[in-house]
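What TrEMBL records for His117 is active site, pros-phosphohistidine intermediate. Marked as ATP binding site by TrEMBL: Lys11, Phe59, Arg87, Thr93, Arg104, Asn114. As annotated by TrEMBL, domain 'Nucleoside diphosphate kinase-like' applies to 3-140.
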Amino acid sequence: MAIERTLSIIKPDAVAKNVIGQIYSRFEGAGLKVVASRMAHLSRAEAEGFYAVHKARPFFKDLVEFMISGPVMIQALEGENAIAVNRELMGATNPKEAAAGTIRADFAESIDANAVHGSDAPETAAVEIAYFFPASQVFSR
Ligand code: RTP
Ligand code: MG
């Protein structure tokens, strides 16, 4: 199996709920290693740039407003099949449809305030990690 990296964001709702540690425990329990990490309060320009792929979507404005509503915790995760493993841990985008025991089922309120972001493919993971972390701040281990 391939060792991959993925970009994860603990969104403002989950940071406000004080569950950063519980979410990190789930990453570690699934064999994912935190190889880069920092807290940030994103500017509008940073959030718009990060979600540029969704620019034409009706939910884009609300998504950006939500992502700049408070601090977020940003991390790169590394492990076997890290992208799919993280998406499995996260659960469905809409927490009402997320499987029991997933991060979104346990901590998310709504499709907007849905606790976490995770990259969806190797190409987007590489772009998203580089968006937040210079190579010198990613510590492969
Ligand atoms: P993410 O990118 O945050 O990991 O979530 P995702 O892949 O599961 O969902 P995606 O389709 O990439 O959408 C990005 C974020 O936009 C919000 N969204 N709202 N109101 C809506 O219909 C709607 N659809 C998506 C969600 O917060 C989603 O995480
Ligand atoms: Mg997505």
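Even glycines carry a Cβ here, placed using N, Cα and C.
TrEMBL labels come from automatic prediction, so no person has curated them.
Recorded features from TrEMBL, shown on the structure.
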residue	record	DSSP (3 states)
Lys11	ATP binding site	coil
Phe59	ATP binding site	coil
Arg87	ATP binding site	helix
Thr93	ATP binding site	coil
Arg104	ATP binding site	helix
Asn114	ATP binding site	coil
Original post:
Could you give the number of helix, strand and coil residues in the domain 'Nucleoside diphosphate kinase-like' (3-140) as assigned by DSSP?
Top reply: 64 helix, 28 strand, 46 coil
**OP:** List those of the recorded positions Lys11, Phe59, Thr93, Arg104, Asn114, His117 whose Cβ lies under 6 Å from any atom of ligand 1, in sequence order, or write none if there are none.
**Re:** Phe59, Thr93, Asn114, His117
**OP:** Could you tally the C-beta atoms, other than its own, that fall within 10 angstroms of the C-beta of Asn114 (ATP binding site)?
**Re:** 23
Original post:
To the nearest whole angstrom, what is the C-alpha distance linking Arg87 (ATP binding site) and His117 (active site, pros-phosphohistidine intermediate)?
Top reply: 9
Subject >> Among Lys11, Phe59, Arg87, Thr93, Arg104, Asn114, the record's ATP binders - longest CA distance, Å >> reply: 21
Original post:
For the residue listed as 'active site, pros-phosphohistidine intermediate', which of these binding-site residues sit within 10 Å, Cα to Cα: Lys11, Phe59, Thr93?
Top reply: Lys11, Thr93
Original post:
Just how many other Cβ atoms lie inside 10 Å of the Cβ on Phe59 (ATP binding site)?
Top reply: 12
